[in-house]
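For Lys162, Glu464, the entry in Swiss-Prot reads active site, charge relay system. Per Swiss-Prot, the feature active site, proton acceptor maps to Glu252; the stated evidence is sequence analysis. Per Swiss-Prot, active site, nucleophile is recorded for Cys286. Under the heading K(+) 1 binding site, Swiss-Prot lists Thr26, Ile27, Asp93, Val180. Annotation comment: Swiss-Prot describes Gly150, Ala151, Trp152, Lys176, Pro177, Ser178, Glu179, Gly230, Val231, Ala232, Ser233, Gly254, Cys286, Glu387 as NAD(+) binding site. The K(+) 2 binding site feature in Swiss-Prot is assigned to Leu246, Lys457, Gly460; the stated evidence is sequence analysis. Annotation comment: Swiss-Prot describes Cys286 as cysteine sulfenic acid (-SOH). Under the heading site 'Seems to be a necessary countercharge to the potassium cations', Swiss-Prot lists Glu248.
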Amino acid sequence: MSRMAEQQLYIHGGYTSATSGRTFETINPANGNVLATVQAAGREDVDRAVKSAQQGQKIWAAMTAMERSRILRRAVDILRERNDELAKLETLDTGKAYSETSTVDIVTGADVLEYYAGLIPSLEGSQIPLRETSFVYTRREPLGVVAGIGAWNYPIQIALWKSAPALAAGNAMIFKPSEVTPLTALKLAEIYSEAGLPDGVFNVLPGVGAETGQYLTEHPGIAKVSFTGGVASGKKVMANSAASSLKEVTMELGGKSPLIVFDDADLDLAADIAMMANFFSSGQVCTNGTRVFVPAKCKAAFEQKILARVERIRAGDVFDPQTNFGPLVSFPHRDNVLRYIVKGKEEGARVLCGGDVLKGDGLDNGAWVAPTVFTDCSDEMTIVREEIFGPVMSILTYESEEEVIRRANDTDYGLAAGIVTADLNRAHRVIHQLEAGICWINTWGESPAEMPVGGYKHSGIGRENGVMTLQSYTQVKSIQVEMAKFQSIF
C-alpha cells in the first residue's frame, strides 16, 4: 500500500489542521513501512475541540431518545457495510491478521453501538412518594463533554466501547486514539458524521499521550475521562483528572490473569482455552490468561497438547485468510517483549517453544516474536509477576485447590480469571474466591455488549459495557415537589 496523505484532526464534523505544528508517524508493523504522517493535537486544539463539543452536546441532548437512537443505528449500519475496508486499515495499522480484524474488531464494536442505541429510551428517572402532598422525582441527565483515551491493541473497538454509552446518554466525546494506531478512530468520526451526529459530538484528537492526553485530563470543560492503557499511565490520568476538576474516571488497565486447569478437566479443552488466552491477537490482549496453573500430575501431558497446538499457529502475510498470528504492534514493543523473554531464561524458566524473533518467509522486516511457552515457572519470576502483553505463556504447577486459589490471587492485578473443570460445584466455588472482575468457566475471552467488564485492584475502576456503563455517563438530579402550602418557622 502506498503512503497515505497526512492525517489531520477531526473537529466539529470535519478535518482541520493541528495548531501545534507537530507530527508523528504511524507504521505497518508487519513490514516496517510508514503508513502515514499524523498531526498531533496541542493545547489550543484541545480547547477548540472542547468548545465544539459543548456546542454539539446541547443540540444532541435536546433530541428525543428515539432520534438519538436512530442516528446511532445508522452508524451501526455504515460500520457493517464498511467492515472489510475498516478491517484492512486496522490490519495495516496494528499488524493483526485480517482474519481477526474482519471478524472481531469492527463486528464487536458495532454490536456494542447497536446495544446502546437500543437502550437509549430506557434512560428514565423515578418517582418517590413522600406524603400525600409531596413527592420526589429524579432525572438522569448527561454529564456534558467527556473524553475517551484509547489503547493501541483494539483501536476502533475501544473507540466504540467508549463512545457508544457516552453518546447514548446524551454526551459529546473527545476521543484520543493511541499514537501507535490512530487511523481507524478518524474513520469512525467520519461515519458518525455521515450517520447524522451533530457537529462536535464526536471529535478525534490524535497526539502523544503525555501531551494531548494530559491536556484532556486537565481541561476544566471535561466532566469525565474513560481511559484504557497501562497502570502507570492510568494513575497519572486519575491524578490529573482529580486535581483539575474532580472528573469522574473509568479505568481499564493491565492484567496478569490466572487460568486454572483442574485435574478433572478435559486437557484438550484446557489446551485450546490456554492457546486462545495467550496467543490470540499475538498475546496483545489485556485479559490474557498468561499464568496457566496445571496440576503437577497433568503437566507433561498438558505441555504436549500445547506444543501440538503451537504447530497450528500460522504467521505470515497478514492478509492471507489462513494467517492467524501477526506481528507485535511496534518495534519498541517487540523489543520490550524480547527483554522479558531474556529475563525469563535468566531466572530459570525453561523454554518449551519459541523464545526469539520470527524470521524468514517475508517476516524479517516486521516486529515479529515467536509464540513462546515457558514451563517450570515459579511465582516470583518476573515473567510471572509483570504484564508482558505479548505471546508469552507461563506454565505453573500446583497440588491443591486451596494453594492455587491463594497463588492466583497473589498479584496486584485483578482484571480476569478463568478455570477449566468438569465439576460445576467446584467451578462456582473457586470463581467466587478469585479476585478478578471478569471471569470465565470452561471458556475464555468473550466480552459481549451485555457483559460489564473491568478490573479489581490495580486493574481498573468502573466498568465498560452493560447497562451500568450507560448509567455511569449520566448524573442524577433529584427534585422535590410540594403541593401544600409551605410552612416557614420564621
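Each residue, glycine too, has its Cβ placed from N, Cα and C.
Values in this document were obtained by computation on a predicted structure and should not be read as measured data.
Reported as a whole number, the C-alpha separation between Pro177 (NAD(+) binding site) and Cys286 (active site, nucleophile) equals 17 Å. Spacing of Asp93 (K(+) 1 binding site) relative to Trp152 (NAD(+) binding site) is 9 Å (Cα to Cα, whole number). When the recorded positions Ile27, Trp152, Lys162, Glu248, Glu252 are screened for a Cα within 10 A of the Cα of Cys286 (active site, nucleophile), the ones that qualify are Glu252. The K(+) 1 site, placed at the center of the C-beta atoms of Thr26, Ile27, Asp93, Val180, has further neighbours from the same chain whose C-beta lies within 8 angstroms: Glu25, Asn28, Pro29, Leu35, Thr94, Trp152, Glu179, Thr181, Pro182, Leu183, Val329, Ser330. Residue environment of Glu464 (active site, charge relay system) contains 24 other Cβ atoms, counted within 10 Å of its Cβ in all protein chains. Taking Cβ-Cβ distances under 8 Å and a sequence gap of 6 or more within the same chain, the neighbours of Lys457 (K(+) 2 binding site) are Thr411, Asp412, Tyr413, Gly414, Glu435.
Glu248 (site 'Seems to be a necessary countercharge to the potassium cations') sits 13 Å from Gly460 (K(+) 2 binding site), taking the CA atoms of both as reference points.
Here the candidates are the recorded positions Lys162, Leu246, Glu464. The one whose C-alpha lies nearest to that of Trp152 (NAD(+) binding site) is Lys162. Counting every protein chain shown, 25 other Cβ atoms lie within 10 Å of the Cβ of Cys286 (active site, nucleophile). Restricting the recorded positions Thr26, Ile27, Lys162, Val180, Ser233 to those with a CA within 10 Å of the CA of Gly460 (K(+) 2 binding site) leaves an empty set.
Once the Cα atoms of Gly150, Ala151, Trp152, Lys176, Pro177, Ser178, Glu179, Gly230, Val231, Ala232, Ser233, Gly254, Cys286, Glu387, the listed binders of NAD(+), are compared pairwise, the greatest separation found is 24 Å. Counting every protein chain shown, 27 other Cβ atoms lie within 10 Å of the Cβ of Gly460 (K(+) 2 binding site). Cβ neighbours of Lys162 (active site, charge relay system) (same chain, under 8 Å, six or more residues apart in sequence): Gly148, Gly150, Met173, Phe175, Ser226, Thr228, Glu464. Among the binding-site residues Thr26, Ser233, the residue whose Cβ has the fewest other Cβ atoms within 10 Å is Ser233.
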